[in-house]
Ligand code: KIV
């Protein structure tokens, strides 16, 4: 942004105090702030969160948008996939994240089975997430196939983040988690999906596991921001599942993940050090005791 302004002195400098990440704002981020960031050409980060304490760490770190993803199924609740997650579980996790935060915009995921019947079911489920958990926005999966649901929620005053490309709730239909949008026919479908959710009123679109070139093209074509996960660097925003980002997840990581900490190892080491102290009599020490 600064680079462009330097080339064209007539263009006003972007006001960095308004930046979604690193800006000076202390009130909760709104969907209007998200739209303004796209106008400014600003990139921003999003993380998942599933509990109040972790969410408060990310809120204080300045992460502008937190997604209470149904990835909670795999990362928090011990399920094999996102498919079994229920709306009641999403409400419980989302309300904890809302309570733990004061600045981040909180997006609650509509779980599998809570919106596929049609717009009326989607509105009933989204209304519960907004009223009972206090989220600002909801996310649902699907492009053209979910456009009517998005339209009704937006008409009702509920901001919607769409999610296209690889949609994990359809893992059984996909037979796994393959990259989407490869080949001309699949790329055309992705373009149609992106246009459909924007036209339906979505304020942002997650692009999951999409070739980088296609994601960049869609990002340029849309006036709402794209949030990439495994979709290259051309998206407006990037999201990671927090347990992947912080090295808490066990097992092999997807190719698109960069780990910024080794929390699983640190936590395991802390647990072992505590256990060794208890067994060896080194904890509690005198300073931990009452007399
Ligand atoms: O549930 C989730 O965490 C998600 C993100 C990976 C986008 O949908």
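Here the Cβ of each residue, glycine as well, is placed from N, Cα and C on the backbone.
Summarising the annotation, TrEMBL assigns active site, proton acceptor to 208. If you draw a 10 Å sphere around the CB of residue 208 (active site, proton acceptor), it holds 22 other CB atoms from the protein chains shown. For the recorded site, residue 208 (active site, proton acceptor), the DSSP three-state label reads strand.
All protein chains shown were included, and the count of other CB atoms within 10 Å of the CB of residue 71 (3-methyl-2-oxobutanoate binding site) stands at 21. If you look up TrEMBL, you'll see 70, 71, 109, 139 marked as 3-methyl-2-oxobutanoate binding site.
Among the features that TrEMBL reports, Mg(2+) binding site is placed at 70, 109, 141. In the three-state DSSP scheme, residue 70 (3-methyl-2-oxobutanoate binding site) falls into the coil class. Using a 10 Å radius centred on the Cβ of residue 70 (3-methyl-2-oxobutanoate binding site) and all shown protein chains, the other Cβ atoms total 33.
According to TrEMBL, the feature region 'Disordered' maps to 1-22.
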To the nearest whole angstrom, state the Cα distance for the pair residue 208 (active site, proton acceptor) and residue 139 (3-methyl-2-oxobutanoate binding site). 13
Which Cβ among the binding-site residues (109, 141) has the fewest C-beta neighbours inside 10 Å? 141
Quick check for you: of the binding-site residues 70, 71, 109, which have their Cα within 10 Å of the Cα of residue 141 (Mg(2+) binding site)? 109
Starting from the Mg(2+) site formed by 70, 109, 141, give every other residue of that chain whose CB sits within 8 Å of the mean position of their CB atoms, in sequence order. 69, 71, 82, 85, 110, 111, 112, 139, 140, 163, 168, 169
